[in-house]
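A.B. asks: Sending over a structure as structure tokens; questions will come in a sec.
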Amino acid sequence: QVSTIVGLVLIPFFSLFGSVGNVLSLRVLSQMRMRLRNVINLVLAALAVSDLLFLLHALFFSFLKLYMLRDPVAGGDLRALTFPFLGAYSSVVTARITTGLTILLSLERLVAVYFPIRARAMCSRSSTLAAIIGIYTVTGLMFLPYMLKYRAERRATLNNETVYFVARTSLGKDPRFFPVYGTVLNTLFRFVPLALLTLVNALIAAAIRRTWRLRQTISSTSGSYRQRRITLMLLAVSLVSLVCILPGAIHSIMAQAWAPDYSPRGAQSNLFVIMSTLSYWLETINSSVNFIIYMAFCSKFKTTYHKMFCCGKSETGGSHGSAHSVVHFSNR
């Protein structure tokens with residue numbers, strides 16, 4: 001029941017809502033001035049892409065679940081044919097890329113808070129672009145063995161019909177490779193990011209608290225006020241990510257510590273399915289709410305969105321796409 005409610009109601013709702021939000025975010029963030037001048041906007045655009053890809057996977061899995069309820073044979077065939085790539089590989093990769101980009105945002109903001117004078121040189125556009133490409137490339141390559149873990153095989157039924165099912169490859173049957181390799185990937189892409197996000201957010205929060213009164217004394221300047229809002233916005237993005245990926249990390253620890261009872265076919269199979277479904281739902285939420293955070297913390301993002309999509313006009317009377325309506329998250 002939990003799996004059905006979350007998989008057929010909650011996940012599709014958040015996935016559809018988040019997909020629209022990420023498309024709109026990309027539309028706003030793709031303004032020419034922002035592409036050329038601001039590293040934060042570059043990372044936010046890359047984050048919107050990875051979030052959108054993850055949510056499209058979630059929508060497909062919800063459709064597949066509904067399809068299997070309506071037509072078990074055809075739905076099972078589609079699942080078997082798509083699972084080795086979409087389920088075991090690309091869905092996981094897009095989720096981990098999102099985590100990596102969130103860490104990159106947090107590190108950029110840490111540099112901006114503690115080294116404001118040198119921030120622009122330390123976080124240049126070229127180095128940020130290289131980091132984004134590195135996150136996408138390294139994550140995709142590191143999880144390649146999971147694409148080779150399963151394959152779709154055909155099997156004849158008693159009615160002489162051919163159906164497909166998911167089977168492990170010879171690599172997937174290796175009793176030593178995936179337990180060891182999976183632990184390494186869990187450490188690098190779940191536990192290390194959790195530790196980094198916790199540490200970096202704690203340092204940023206401490207800096208904000210220590211300098212809050214000083215910033216209030218100079219809050220009359222638009223630059224200081226904007227920087228405080230940007231810092232709070234990126235801190236909110238990081239904290240939401242931290243909360244949403246933590247249950248998945250706990251779930252993976254339980255799967256390792258309680259195996260084989262805590263597994264889809266073990267004695268604790270119901271608990272495994274519930275934890276797995278809720279963890280995936282939380283990651284869906286993580287990829288869906290950034291648009292709301294931008295609207296809540298960045299008045300320019302909100303204003304530009306209204307001008308572009310709500311039939312608004314700029315103060316100078318120009319059209320929606322005029323240069324006066326450009327959003328600019330400064331990183332200085």
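Cβ atoms are placed via backbone N, Cα and C, with glycine included.
So TrEMBL has the following annotated:
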type	residues	note
TRANSMEM	6-29	transmembrane segment
DOMAIN	21-294	domain 'G-protein coupled receptors family 1 profile'
TRANSMEM	41-63	transmembrane segment
TRANSMEM	83-107	transmembrane segment
TRANSMEM	128-148	transmembrane segment
TRANSMEM	188-209	transmembrane segment
TRANSMEM	230-258	transmembrane segment
TRANSMEM	278-298	transmembrane segment
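Can you walk me through where each of these features ends up in the structure?
C.D. replies: Mean pLDDT for the domain 'G-protein coupled receptors family 1 profile' (21-294) in the predicted structure: 87.
Outside the transmembrane segment (230-258), and at least 6 residues removed from its termini, the chain residues within Cβ reach (under 8 Å) are 40, 98-99, 102, 105-106, 108-109, 112-113, 183, 186, 190-191, 193-194, 197-198, 200-201, 204-205, 208, 266, 268, 272, 275-276, 278-280, 282-283, 285-286, 289-290, 293-294, 296-298, 329-331.
Beyond its flanks by at least six residues, the transmembrane segment (278-298) meets 2, 6, 10-11, 14-15, 17-18, 21-22, 24-25, 44, 47-48, 50-52, 54-55, 58, 95, 98, 229-230, 232-233, 236-237, 240-241, 243-245, 247-248, 251, 305, 327, 329 of its own chain at Cβ-Cβ distances under 8 Å.
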A.B. asks: Mind checking which residues reach the transmembrane segment (188-209)? Cβ under 8 Å, same chain, six or more beyond either end.
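C.D. replies: Long-range Cβ neighbours of the transmembrane segment (188-209): 96, 99-100, 102-103, 106-107, 109-110, 113-114, 139, 142, 228, 231-232, 235, 238-239, 241-242, 245-246, 248-249, 252.
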